[in-house]
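J.: I'd like to ask you about the structure that follows.
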């Protein structure tokens, strides 16, 4: 009995440090995501389907970070809440937020795939209206996929641990690995390969300069999506390995790695998307121009 209590106390103490680090990166990721959304909304020429989907992914990142911070607060502060049902709801929203990030990347890839393959014959498919509908459908899927967390008793309260499905619930664990990570990841990779083959095959044909320019632009956007997704995916690898091996070190790494990955991905998104990067630079330069004359006027008055 004493040994069990000691393990729980050590676990709780470890999570205080882990949670503090993860919360720091989560809040940083939220701020960067808000910056991206604000820049896109404030810049008229960024009101495109590509940037709409980037904002959608940023919203998913914000949701994930907020949900995780809430989950940490229950582990560290609201320890009086030991209800299994409450734990299931936290698990549901935790998995929902995780799924949201992955499936929003999948939507970006599908959008670019449709644009490249079908836009010349079916221009309506690349319209903003269709994309808004697609976003709505994807979010319905996102809310539906983690429902087993609520409909089963696999998630239950465990002292000092987040509300995740334990490894002993083998069927549920397999479902999580396949539906939440493996399936969307495989689809993203397959679509990426198809698009690359298609684009390189068309490059061998005689084409106008404008068409070549569009091909390069398509590949650039696709590359940016894959870079962002790869960063996020790597952040989730420790937790996926924990689901298979049940090694607690991987669980601890997974708690931190996802929020670190999201923060890194958001910083990377600003850098690799040249329109967003240019808009951020322009905003910073405008603020400097507004501040400098004020400073000179104050200096003149004191002089």
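Just so you know, glycine gets a Cβ as well, placed from its N, Cα and C.
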J.: Which one of these stretches, 65-91, 92-118, shows up in TrEMBL as transmembrane segment?
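T.: Here TrEMBL associates transmembrane segment with the stretch 92-118.
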J.: Taking 42-63, 130-151 as the choices, which stretch does TrEMBL tie to transmembrane segment?
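T.: Feature transmembrane segment in TrEMBL: residues 130-151.
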J.: Could you check which of 171-195, 196-220 is flagged in TrEMBL as transmembrane segment?
T.: 171-195
J.: How does the model score the domain 'G-protein coupled receptors family 1 profile' (32-244) in terms of mean pLDDT?
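T.: Mean pLDDT for the domain 'G-protein coupled receptors family 1 profile' (32-244): 85.
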J.: With contact taken as 3 or more Cβ pairs under 8 angstroms (pairs 6 or more apart in sequence), are the transmembrane segment (250-272) and the transmembrane segment (17-41) in contact?
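T.: In contact, yes.
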